[in-house]
Amino acid sequence: MGQLVSFFQEIPNIIQEAINIALIAVSLIAILKGLVNLWKSGLFQLLVFLILAGRSCSFKIGRSTELQNITINMLKVFEDHPISCTVNKTLYYIRESENATWCVEIAALDMSVLLSPHDPRVMGNLSNCVHPDIKHRSELLGLLEWILRALKYDFLNYPPLLCEKVTSSVNETRIQINVSDSAGSHDFKETMLQRLAILFGTKLMFDKTPKQFIVIRNQTWVNQCKSNHVNTLHLMMANAGHAVKLRRLQGVFTWTITDAAGNDMPGGYCLERWMLVTSDLKCFGNTALAKCNLNHDSEFCDMLKLFEFNKKAIESLNDNTKNKVNLLTHSINALISDNLLMKNRLKELLDTPYCNYTKFWYVNHTITGEHSLPRCWMVKNNSYLNESEFRNDWILESDHLLSEMLNKEYFDRQGKTPITLVDICFWSTLFFTTTLFLHLVGFPTHRHIQGEPCPLPHKLNSNGGCRCGRYPELKKPTTWHRKH
């Protein structure tokens, strides 16, 4: 008997599914039959003939297409910035600007060109390394500092630099970096070579070779290599500075719709009248809890949050430590609620409505039984506000409740018989009816000379000649045909 009752209860769902299947079948059949009718009407053949057959006497495809390219060179945009290039990925050059007649060369060598006892060490100030008689001394000094800053060279922790001793006979600036493992840490060489690769945007050719020294010196620019704007961007990004990391305040507590053991609670919360609701026992389902999860801006959500925290804190510990747990729970509750209580206390002092977390109001739909998320009934002068004083709030809440009900009804109906499916069925049926009429009328597809075979792929004019000019005009009568 129970199975029979269950069967009769499922009959509406079975009928609804059958209607959906019927709508899908009708839509597919109408679309397929419509396409067949269009093909049989000759419309596709006529369009293909008009597009292809009259262009030329052959079927040449792609005669108006060609491969083209564009090269982007933004050196004019960065002409006042340092520009770099490379020669065989072993020598690197940096110019101060696009119009500079000098440059700085960076090379890796397997032998030292400067000696520590003879040449001075650099502890941070590069001005003693540049000869005072060198032209563009200030620009060269700035470019050297730019390079070392891009390499993130630490004068305090890295091996000291060696620079050419400034004399009256030497008018060249040379700086040497010892990248051997004996000079610094075991990975100092790999670190510096990797930074060079990042700086110049390429893989260094000497990263696996026994090169032990990096030498930086000034040179005259004689077009050693070709520059591009990508290398300039690498230099600019290497000297862009350090990004400031900001901290964003995250949520302190999170909670889900489960009990203390981690099991789902499909029934939601039932709050007793001594807890929140003063009239009687009221149950709030998962919808209210989901709203609190998405938008935590209600005093009711604050109470649910405290209630959930207390319950989990108490039920997850042993009964032998209940006193300590109670003390801990009260302390945490005080910390959590300090902000809320202080906010309401300030409102009370300012003689503005505040919440005492005792009485809550919500909008209830008497027919469906659905209700809105409870909101705090504000207190002013030690008495609850009259309903007329927050009339706009509960009217707006009722509008939101009706909107949610309409949306829910719409999605429920979409789950049974989607409106889109009905629209597809309607338009596919209309498409089939239109194509059926076109099939009955028919379209001519090409022109024939009376009594002659099919001239395809050539397109004839009214005088019987080939429109592309390959064949002379025969001045014979022509007629339109539907089939070949």
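Note that Cβ sites are derived from N, Cα and C of the backbone, with glycine treated the same way.
Disulfide connectivity taken from Swiss-Prot links Cys85 to one of Cys225, Cys270, Cys283, Cys292, namely Cys225. Note on Asn99, Asn178: Swiss-Prot annotates N-linked glycosylation site at Asn178; no matching annotation appears for the rest, which is not proof of its absence.
In the disulfide annotation of Swiss-Prot, Cys355 is paired with Cys376 out of the candidates Cys301, Cys376. Beyond the transmembrane segment (424-444), the same-chain residues lying 6 or more positions past its ends with a Cβ under 8 Å from any Cβ of the stretch are 23, 26-28, 30-31, 33-35, 37-38, 40-43, 45-46, 480-482.
The glycosylation sites Asn125, Asn218, Asn381, Asn386 differ in how many other CB atoms lie within 10 Å of their CB, and the one with the most is Asn218. DSSP gives Cys301 (disulfide bond) a helix state. According to its DSSP assignment, Asn88 (N-linked glycosylation site) is coil. Here the disulfide-bonded residues are Cys225, Cys301, Cys355, Cys376; the one with the fewest Cβ atoms within 10 Å of its Cβ is Cys225.
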